[in-house]
Amino acid sequence: MKCLKTLLVSTTLLTAFSLNAEVTLEQQVKITEEGLHFDGRNLDFSNVGTPDTGEKYDYFFGPNISAHGDAVKTYRHYVFMTWYKGGKNERNVMLSRYNTLNGELSTIEFPHKHTGFRGDPLVGESHNTIGLSVSPINGTIHMVFDMHAYDNNNHGGKFKDDFFRYSFSVAGAAELPHSEFTLDKFVKDTSEVSQGDDDYKHLTMTGDLDDKGNFARLTYPKFFTTVDGTLLLYMRLGGNNNGAYVFNRYDAETESWSTFTKFNENNQKLKGNQYNWGLYGNMKYVNGKLRVGFQQRSNDNSDKYKYQNGVYYAYSDHPDGFGDWKNHKGEPMTWPLINSDEIKVFEPGDYISHTEANSVYIVGSFDWTVTEKGDIHIISKVRSTDRGRADYEEVYIHSYKPAGAEEFIISTDFPGASEIYTSGDNVYIVGLEGGRPYVEKAQGGTNNFIRVYEASDGPVFDHGTLYIKDGKVYYYLMERTSGTAMPLYLQIIDLDLESDANAPIVSFPSPSVTVNQGYEKLSLNISAESPVEGRSIQSVSLYIDDELVRTDDSLPFLFGHGSKPHETGALGWLDRHEPNPSPLSAGRHVFKAVAVDSEGDSSTATMILNVNSNAPIVSFPQESLEVDEGFERLSLNISAESAVEGRTIESVSLYIDGGLVRTDTSLPYLFGHASKPHETGAMGWLDTHSPNPSPLAAGSYEFTAVATDNEGEETTASMLLVVKGEPEPPIVTWPNSTVTVYEGYEKLAITIDAETPVEGRDIQSVTLFRNGELVRVDTRPVWNFGHSFAPYEFGAMGWLDRHEPNPSPLGVGTHTFTAVARDSAGLESETDMALIVLSLPGPSVMINEGDISLLTEYQNLAITAEASAADDDISLVSLALYIDEQLIREIYEPPFIWGSDAYSTELLSLTEGTHLVRVVATDSNNKQSESSIFINIDLLGDLNKDSIVDKADTRLFTSKLRAGEIMDIRYDFNGDGVVNNRDTRGLVRRCTYSRCSSN
């Protein structure tokens, strides 16, 4: 056992702040000699097709796969660890259990072997980690492993029905005796997609194959345990610049998992956002809540960020994260999130000066945590993309928000780290230095890290991953040796949280205070007491921005009182107070109180003082502006006003890259107006303007406005002007900007045209995206997609005998395909094609007759129709005749005739009035179409259309006869073959009322 007891002095606090800590290495145990490690070349897309076939194990992304990811967890007195077995030809998934009480080690070997990068076992992939958890409620073991955004179709279909890998044990397996801790305690897959009798991998976590779409395209499994023992799993859905975090929940009572729920939407552009984006960070369950912290990678390749930008943070007040999501200020956010700006904390890219496209590199050294009392800590790093540039910059950032504070404190006084952890109210940096573990500690809500543990002997480690539980670090490490099989160790390090419980309790009256510049008084009564009976507070020291103000050794611990008015930065408020010669300037200041008790234990509290400026308020119309080289006009109306009543603005001066342009002493403060068109670098735009002899050339320029008020106070504002020269990116085009197909289409192959207009350059790649999701990167011409070896790329079903039907064809709607061409200079162009998938049309059907008019007592009526299917592969099932929504008869083969032959009377019962006739055709796809006509049945004898036959009709009948109008032969009531006056008696007999002749 190794113990290092230290008393260290923080460089930021000089000699005033010390921290006692006794951190001990409790146990170290070797888990195996055979942890899989990739010892070969780091491949890329140019050589991944030719990996080493010998002993060396080439890899993609990184060399680590064992002791990597979510690979170590605890359950009661056991520590569980996952790993892959080395060497190169083994690769089995392994699970080890260490009994911390008796030192017993149990290991299970699973049949599954690491499948390698995109299914090539000769190329290792570091992203295919094994996530691990044990339910504290029922003792089931859960593992999700060996996947990187796979689905049924990508990578040539290599992962069909095997794109998600989940293994789980029976209840109670976690604490079985050593002899019973065996593979048979895990549940086999007996579903229809099982790969055999030794298949312990399940395609879904719900047990329902109908849910398999919910488990596709996932990466980076990580489990959490909530305060009530519920297991949660989170993973990343999708790709690097178009992704989402998803999570699900385990119900220990029913031993079942839910489907995945999204924290944020992917394909954000389709949902109204300006661009698609992915997440680089973590979802964590800390301090009793599910939380998310990440950096964003957008698909904008023309901004100053090479990959990621920003720091984003959110948390959920729902016990399991299913709703009630908020930003760090407690404001509700859209859930699932679409616009990441709703939860943005700050921009690390603002901490270096580069502005050119792809010049800022924010990758790695990002992590975050939250202490038990609610202090939020986020670490990040920003540097120049080009390490060789003369003005190379690199900044490590620690942003933290003490519990109760309203805003983050952003500190660049931070040496940097890759991960940050928490236990109790402290934050920790745990890592390797010279291959040996060390621990640094800071009180939550502070930036005061000191080293409390470091190993000076023992094995030299290559890397590791860790889990902290109940004040102990379970550090799972791989020893640095050689080959494709290297030893794995577990170290258990006690963080000595018990001593922290004895530390003093210290606090400011408020976590944050806002005052105006020139404030006269700020008195702070700092509360400090010991939680341990018999101890007393020896002193309280106040620091402002890490500078010691004073140490007070007696109650009350009051700073800024009448005898010391200046120590809190105030001017003074009594007549006897001389004005403070060094008052606090406008801006944010960190006040820190350090309490030390009679045993030498100490604690720290912080307060943020925001000092509002009295200086003028000045601003450009916008912070940055892009124009094309040779721009004709740039007029800038600079806003300037005093923040103090009674003061006025004396002048506003404009500078370009430090050179004075002009000082304006009267409103409006307008530069680049018609009388001075050249002063902002423009060419001029009026006929009276001669061309600018010295226009601003392509490049970036800093415009600075300096506003001065009548008291001589100044304020500066800046604007970045980017003058864009003519870029010459590749030219990429589709054969057609819009393609229309019918659902179920078998084939769609398209060759994309890509070329560079610049001599000496060539096209390096053409990348195809479907609705924002990566389809494939093609690195050699011709740029053909959807060909016979990749028939599904445009969503087609497949057309050759060897093509299995596409299980995920594109549905009805409009789909956007984006082609991105990249040339040898790194310039990119993109163009979109709209693929419109139409619903298969129903059959065509037509009633041959037009609208029909009949009289009651009609004797004959037949209706005929013709129909055909929309496609040769579709058959016609039936035609059905409806009259007034009443089915008359359905006919299953032509001829389609109603009212003839054996059915001659089926249409003879229509009553007086108008009837809707519909013929509905149905095809073998259950698609339907219809044709319709109207049949109008008039009352026989009702010549004036008043719905009765009466004397008026007989008179009209006689009148029509006299006028020689042709009458319907059905009015030949006496059957002599003509309609004449002798038929009047027959009409009278049809009168609606009796005694028609007397009406």
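Note: Cβ is positioned from N, Cα and C throughout, glycine not excepted.
Copied over from Swiss-Prot, here are the features:
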- His127: active site, proton donor/acceptor (ACT_SITE)
- Ser126, His127, Tyr280, Arg297, Tyr361: substrate binding site (BINDING)
- Asp189, Asp199, Lys201: Ca(2+) 1 binding site (BINDING)
- Asp300, Asp303, Tyr305: Ca(2+) 2 binding site (BINDING)
- 1-21: signal peptide (SIGNAL)
- Arg236: site 'Neutralizes the sugar carboxylate group at subsite +1' (SITE)
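This view paints the features noted in Swiss-Prot onto the structure.
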residue: Ser126; record: substrate binding site; DSSP (3 states): coil
residue: Asp189; record: Ca(2+) 1 binding site; DSSP (3 states): coil
residue: Asp199; record: Ca(2+) 1 binding site; DSSP (3 states): coil
residue: Arg236; record: site 'Neutralizes the sugar carboxylate group at subsite +1'; DSSP (3 states): strand
residue: Tyr280; record: substrate binding site; DSSP (3 states): strand
residue: Arg297; record: substrate binding site; DSSP (3 states): strand
residue: Tyr305; record: Ca(2+) 2 binding site; DSSP (3 states): strand
residue: Tyr361; record: substrate binding site; DSSP (3 states): strand
From Asp189, Asp199, Lys201, Arg236, Asp303, Tyr305: recorded positions whose CA lies within 10 A of Tyr361 (substrate binding site): Tyr305
Pairwise Cα distance for Arg297 (substrate binding site)/Tyr305 (Ca(2+) 2 binding site) [Å, integer]: 9
Additional residues surrounding Ca(2+) 1, by Cβ distance to the Asp189, Asp199, Lys201 centre under 8 Å: Ser167, Lys188, Ser194, Gln195, Gly196, Tyr200, His202, Leu203
Cβ neighbour count within 10 Å of Ser126 (substrate binding site): 18
Residue among recorded positions Asp189, Asp199, Lys201, Arg236, Asp303 with Cα closest to the Cα of the residue listed as 'active site, proton donor/acceptor': Arg236
Extra residues within 8 Å (Cβ to Cβ centroid of Asp300, Asp303, Tyr305), Ca(2+) 2: Ser298, Asn301, Ser302, Lys304, Asn309, Ala357, Asn358
Annotated substrate contacts Ser126, His127, Tyr280, Arg297, Tyr361, maximal Cα-Cα distance (Å, integer): 22
Cα-to-Cα gap, Ser126 (substrate binding site) vs Arg236 (site 'Neutralizes the sugar carboxylate group at subsite +1'), nearest whole Å: 15
Neighbour count (Cβ, 10 Å) for Asp189 (Ca(2+) 1 binding site): 19
Neighbourhood of Lys201 (Ca(2+) 1 binding site), C-beta criterion under 8 angstroms, separation at least six: His112, Asp162, Arg165, Tyr166, Ser167, Asp189, Gln195
Cα-to-Cα gap, Tyr280 (substrate binding site) vs Asp300 (Ca(2+) 2 binding site), nearest whole Å: 16
Which same-chain residues, if any, lie at least 6 apart from Asp300 (Ca(2+) 2 binding site) yet have Cβ under 8 Å of it: Tyr275
Cα-nearest neighbour of Arg236 (site 'Neutralizes the sugar carboxylate group at subsite +1') within the listed binding-site residues, Asp199, Asp303, Tyr305: Tyr305
Inter-residue C-alpha distance, Tyr305 (Ca(2+) 2 binding site) and Asp199 (Ca(2+) 1 binding site) (nearest angstrom): 45
Listed in sequence order, residues with CB under 8 A of Asp303 (Ca(2+) 2 binding site) and six or more positions away: Asn309, Ala357, Asn358
His127, Arg236, Arg297 as recorded positions, winner by CB count within 10 A: Arg236
